[in-house]
């Protein structure tokens, strides 16, 4: 192993730059050459590859987004796309690859592994929906972004004695909604993994009113329904004319938290070590504060599950 490359793919997540920095500096420390691939798998197929030095990743640790850029390239799921990618890797004499991203990125990494190219996956997505790890890079930052907004919205909800609905990201996973709702004391948390009944939500709000509560916050993951649709349905149950805030892509941006920076640094360094050990086809993660690695194929077979105990706790504490 003399030369490795790194790419970021799919939706950006705060901490991707920190992970890239760790990969580059750890690899150079170990005597390897490092190349950056712009625009994910699209850039790989097009040969948009550049050499990275120690200085290339300076002033990156605190920056959100990804300086390697990102793009979605569904064509990489085809044999033609994968063979073009491997052709470019061989052309640039690259011996191993690190892929930072979510579920779709892992599918690309697995495809390269099956074709005999050593590839390591690093979980980078704000949704925290990757198996094999307790946390993904970017989740903690997104969580704190949502919590900051929730706290501010509660101020105005209190002032005007209103119900507010906050729509957060999470098409298939409700981790952002759950964790932010618990941390922010939301009166109701609506996630894709748990069915909900509007009668139960209204009953919870009514009980709050009966004991003097004059405002409420409901956090809704976008994968369940839009915040506006939820407000429309809620309005059919009486005088709950809620205001809606859609946080959108602000959740993806911002300077990564200390937790995400440290996590990204640890995972990036371990990815390089695995390539040096000739152990491709793995994805790194963190379990109980220990860095672990798992087979990418096995991770893709597993479905991310919501922390049921945490969900139940949030329900109890929001009474």
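Here the Cβ of each residue, glycine as well, is placed from N, Cα and C on the backbone.
As annotated by Swiss-Prot, active site, proton acceptor applies to 127. Taking the Cβ of residue 127 (active site, proton acceptor) as centre and 10 Å as the limit, one finds 25 other Cβ atoms among all the protein chains shown.
Annotation comment: Swiss-Prot describes 11, 72, 73, 102, 103, 104, 105 as ATP binding site. Cβ neighbour count for residue 73 (ATP binding site) (all protein chains, 10 Å cutoff from its Cβ): 21.
Counting every protein chain shown, the Cβ of residue 213 (ADP binding site) has 13 other Cβ atoms within 10 Å. Per Swiss-Prot, ADP binding site is recorded for 21, 22, 23, 24, 25, 154, 185, 186, 187, 211, 213, 214, 215.
For residue 103 (ATP binding site), applying a Cβ distance below 8 Å and a minimum sequence separation of six or more within one chain yields 10, 125, 129, 130, 300. Annotated Mg(2+) binding site per Swiss-Prot: 103, in sequence order, evidence recorded as sequence analysis.
The substrate binding site feature in Swiss-Prot is assigned to 125, 126, 127, 162, 169, 170, 171, 222, 243, 249, 250, 251, 252. Taken residue by residue with DSSP, residue 252 (substrate binding site) is part of a helix. Residues near residue 252 (substrate binding site) in space but far in sequence (CB under 8 A, at least 6 apart, same chain), listed by position: 11, 12, 13, 14, 64, 126, 138, 142, 169.
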Pairwise Cα distance for residue 73 (ATP binding site)/residue 127 (active site, proton acceptor) [Å, integer]: 20
Count of other CB atoms lying within 10 Å of the CB belonging to residue 102 (ATP binding site): 22
Farthest-apart CA atoms of 11, 72, 73, 102, 103, 104, 105, residues recorded for ATP, distance in Å: 13
Set of same-chain residues at least 6 away whose C-beta sits under 8 angstroms from residue 25 (ADP binding site): 54, 57
Cβ packing number for residue 187 (ADP binding site), 10 Å threshold: 20
Site with most surrounding Cβ atoms, counting all protein chains shown within 10 Å, from the binding-site residues 21, 171: 21
